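A quick write-up on the structure given underneath.
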Amino acid sequence: IDLDTIDVSNLNRQFLFQKKHVGKSKAQVAKESALQFCPSANITAYHDSIMNPDYNVEFFRKFMLVMNALDNRAARNHVNRMCLAADIPLIESGTAGYLGQVTVIKKGMTECYECQPKPAQKTFPGCTIRNTPSEPIHCIVWAKYLFNQLFGEEDADQEVSPDTADPEAAWNPEDTAARATASEQDGDIRRVSTKEWARSTGYDPVKLFNKLFKDDIMYLLTMDKLWKKRKAPAPLDWQQLENSAHPQEESPVTSGLKDQQVLDVWGNCRLFRHSVETLRTQLQEKGEGAELVWDKDDPPAMDFVTAAANLRMNIFSMNMKSRFDVKSMAGNIIPAIATTNAVIAGLIVLEGLKILSGELESCRTIFLNKCPNLRKKLLVPCILDKPSPNCYVCASKPEVTVKVNVQKTTVLCLQDKILKERFGMVAPDVQIEDGKGTILISSEEGETETNNNKFLSDFGIRNGSRLQSDDFLQDYTLLINVLHTEELERDVEFEVVGEAPDKAPPPQTTQEEVNSITNGNKDSAQPSTSSKAAADDDDIMIVDSDEEVGAPSSSAAPPTATKRKHQEDSETGETSTKRPRTDQSAADNDDDDDIIALD
């Protein structure tokens, strides 16, 4: 099952797709390729999303085993819950560069994918993006917002003009209000619609440039308190840059791959102009009211974000980046290597054979490391952890406590930000445990839409209230205890009580000797399927998504770990977790971690 189509960037990370397949269904081509070397296989390809309600619990129960190769947390959470509801074993996997991981999840026997808290996906305060960027990723996020404001679907949360309400920008609240009023009067600084303003200029690249990289920056400089302890930005002027550009700079001759070259300021100016002209033409061809969708694999869109981000980096005294680097960060691309994916795919099959042979107890979590450990092993197997009694997914009665300001949190925020985004529900139904069974949210379209913009307090929800949220597709019920607070940090809408993703799990007192066989199998176990499995060739469901075997998961971890170090990838924002050796005496002589769990 895979909704994606094959892109050129997919070709170097696996062996099923070729150049002639670009643009075709991944699932269908994978089926055709597999049948070439195993014609007797019974494979059904679905060009579809695993989140489709058609793939309900009954659908999952048709299979003896599910194999995950997903690249996003929402889909992984969903499949995890569907397999728990159907009581079907799930093999979870992931790769990132030279690192990889495979683990088995079985209801009641092992940790589920959501037993261990995952680090929150990194976001940035709006005032940092709009006023005081300090890292290249801030400028890249700003450039993606700018693309949507100019050419795509406008979002009030993705504003790019100076943020006059920044608490750092004014000496006192009255000054903040005064600045906001002043900006309302300055028609160019604070615009009702960035897109309307751009249209009024005919999407003139030079006018856009001077507005974004000169006028807005000069306005930021008037917020002098921002620059007391920071280096002030330096505005750019198109005419000055054009006058100072040397003729030979129009067509620079440099060595190396084009996408890995770092353009100078004038080179980014010309790239900005060319991309705006191209995107303007695309909008005109689509007709009145049309919108473009940003895609990292769309050259004009990628050129625009590269140029805009680099120009902003230069303004804020950062080193500019190559198009390749910007694409990696803007597209959240995790490096993928075909051999790593092949090793992990092979380990998935080996764990699958154990399950089909009825040997679940011999399954292991297996980590693929970049360098051999002291035992000369690249593959490190670990026993599977038991389910967490505090898991809000696989516990007998899932329950969480959430801090919110009930007077400021809307029903729509509860539905979209808390239940769907944070707790991974697809179609939640929520009722208040108030003795009346008041329905707050219904998954039936339009039934409770009038509640969306009302605050939780409007329904009598206060400190200590309890909500019951049901997702019938996932066969999942979650009880939510509400704690009212007025002390959340700025830009924080809610907080899950007791959530500590950087906290290590408590050390275990028991230890099982790691099997010397790299796939964690018993010496006597034979990798053959059972007669029961042979009776039905369509017992395994493989769920795939996007470009690789997905970002590695951390649903299972070495049981004797006593320390976790979180390392954040500067380009992707993904977090990896290194766990030390289980053999303490050997660890004393070696600084390198043998077991790497990736979130």
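Just so it is clear, glycine is given a Cβ too, placed from its N, Cα and C backbone atoms.
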Labelled region 'Disordered' by TrEMBL, one stretch among 156-188, 222-254, 420-452. Can you tell me which?
156-188
If one measures from the C-alpha of D2 (ATP binding site) to the C-alpha of C127 (active site, glycyl thioester intermediate), what distance in angstrom results, rounded to a whole number?
38
Let me make sure I understand the structure: which of the recorded positions listed (L11, C112, C115, C127, C394) has the fewest other Cβ atoms within 10 A of its Cβ?
L11
Suppose the Zn(2+) site is C112, C115, C391, C394. Which further residues of the same chain have a Cβ inside 8 angstroms of that site's Cβ centroid?
L84, E111, Y113, E114, P387, S388, V393, A395
Please compute the mean pLDDT of the model over the domain 'Ubiquitin/SUMO-activating enzyme ubiquitin-like' (402-489).
92
Compute the C-alpha separation of D71 (ATP binding site) from C115 (Zn(2+) binding site), stating it in Å without decimals.
19
